[in-house]
């Protein structure tokens with residue numbers, strides 16, 4: 001019995017010990033659970049407070065400098081626009097079939113895909129690219145403007161040039177801007193009759209392969225789905241000469257000003273439903289732009305803005321097939337745009353300089369570079385003086401002038417007036433002078449699988465053209481009337497204008513655009529080049545050509561190398577502040593008597609080339625942020 005009691009007691013003690021252990025475990029678990037619950041509650045409270053602060057910052061319009069809480073400091077601001085796309089690796093090439101270089105990477109890719117995916121022609125790809133440029137770089141080009149196209153056909157070694165430059169309305173006259181009652185830069189009266197749509201259509205009818213609608217569709221998609229405000233569009237928006245008009249013009253304000261009354265930011269996505277509908281109408285019937293209901297809408301909105309363009313002006317606009325300007329450069333033939341383009345100025349620069357037989361040794365060191373840049377500068381000055389004689393060949397007899405451009409004897413006569421040890425500061429030593437200051441513009445260069453090539457430059461003139469966006473059509477209208485000369489009115493540098501460039505009904509103003517193609521003795525395209533950037537176009541294009549064909553630079557180097565610019569007046573050399581030449585070279589030029597100034601804002605070159613092994617390269621000037629595309 002005692003044994004049984006002892007066993008029972010021992011069993012009871014074990015049960016009690018187990019119970020005490022169980023209770024302790026329960027207590028510990030309870031404490032842990034409580035701690036976890038408290039931690040969760042605290043975390044929730046902190047998160048709510050953080051989100052509340054973040055929301056307050058997002059909606060505040062009075063304190064945009066507030067910083068995010070520490071927990072969110074490493075995250076992008078919820079109001080920051082997405083970053084802009086950058087060039088993919090190896091965008092410059094090499095390629096084996098085709099290459100496009102435009103000042104918008106997206107547009108280069110559209111042109112490439114027209115050839116690679118849809119098997120379109122060189123002109124098909126060029127037109128699709130140019131429509132895109134008018135959307136992506138709306139401040140520089142578009143269907144409200146005009147331009148030039150140079151086409152090289154490899155099968156017969158034939159080159160053709162299309163002039164679809166804007167022209168003066170039928171009621172225009174040479175004194176229309178003299179007394180200031182009409183503005184040649186801002187508003188409807190500043191717009192010439194647009195030629196871009198009919199220019200594209202004319203080139204497509206002759207060289208196109210794909211349905212017209214397929215060339216416009218990529219740009220329709222962009223305007224509908226949205227595109228980011230690019231670096232250069234934003235730069236143009238924020239210029240003091242532009243910004244005020246963005247706020248005062250209802251069409252620009254609708255597109256580029258946000259709900260708080262501030263300019264939209266770089267990288268913000270914008271949509272253009274009005275322009276999308278206009279492009280759809282053009283894709284369905286391009287002649288509607290000139291003779292249909294769309295033409296009526298165009299004339300109506302321009303008239304309401306004080307413009308002078310009539311339905312007859314639109315209907316009667318014609319694309320001019322000009323005689324291509326042709327010259328030789330050693331073993332190469334060059335083809336460029338005759339007046340009213342400035343291929344003649346480019347040709348004269350090269351004609352003067354080719355007698356020096358420049359090569360890679362011409363820039364091998366500081367001293368040789370000083371002499372080479374000096375000679376180039378003097379050639380620029382003579383060529384820009386000669387520019388004063390140019391105008392619309394339908395109104396001015398340019399037969400003798402154009403003959404001199406490519407005459408080696410004429411080039412030699414000017415070269416003999418260049419002294420290696422000095423320069424001249426009196427512009428009359430170089431000739432007469434007039435040069436309007438251009439601004440915007442866009443260029444693309446293209447080489448196709450079959451050996452064809454296209455060089456094209458389009459424009460609405462200054463940034464955002466006439467600072468007038470059509471309220472019905474969404475079109476950005478040109479201010480090309482400002483490219484004409486105004487009688488008895490000195491330009492910004494005190495020089496009288498050129499009578500060859502006075503306004504007349506139906507006349508086209510002189511342009512700095514010089515799209516060009518360079519072909520070797522076997523008929524193979526070696527280089528396609530051109531630029532945007534007003535009066536700086538011609539010097540930039542010529543330098544890119546010299547770099548590649550003479551100085552043995554790669555295509556990328558040829559486009560991005562430091563540049564100089566001289567247009568005779570103002571009487572100084574401009575060097576690019578952002579891509580500067582060395583101070584030693586600047587000092588050397590100053591010792592020769594040149595005034596040298598560092599200035600931002602140079603021309604933007606787009607070029608393609610083929611090397612001796614048949615590989616293709618493209619280079620879009622980083623000064624405008626584009627990139628090339630090929631396959």
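Quick reminder: no glycine exception, Cβ is built from N, Cα and C everywhere.
Together with 459, 460, 461, 483, 511, 512, 534, TrEMBL lists one candidate of 165, 198, 209 for binding L-glutamate, that being 165. When TrEMBL is compared with the stretches 55-95, 96-136, the one noted as region 'Disordered' is 55-95.
Within the same chain, residues 54, 58, 105-106, 228-231, 265-269, 620, 625, 627 sit at least 6 positions outside the compositional bias 'Pro residues' (78-88) and bring their C-beta atoms closer than 8 Å to a C-beta of that stretch. Spanning the listed L-glutamate site, residues 165, 459, 460, 461, 483, 511, 512, 534 have a farthest Cα to Cα distance of 15 Å. Annotation for residue 460 (L-glutamate binding site): spatial neighbours 140, 141, 142, 144, 145, 440, 466, 476, 477, 478, 479, 480, criterion Cβ-Cβ under 8 Å with sequence separation of six or more. By neighbour count, meaning other C-beta atoms within 10 Å, the densest spot among the recorded positions 441, 459 is 459.
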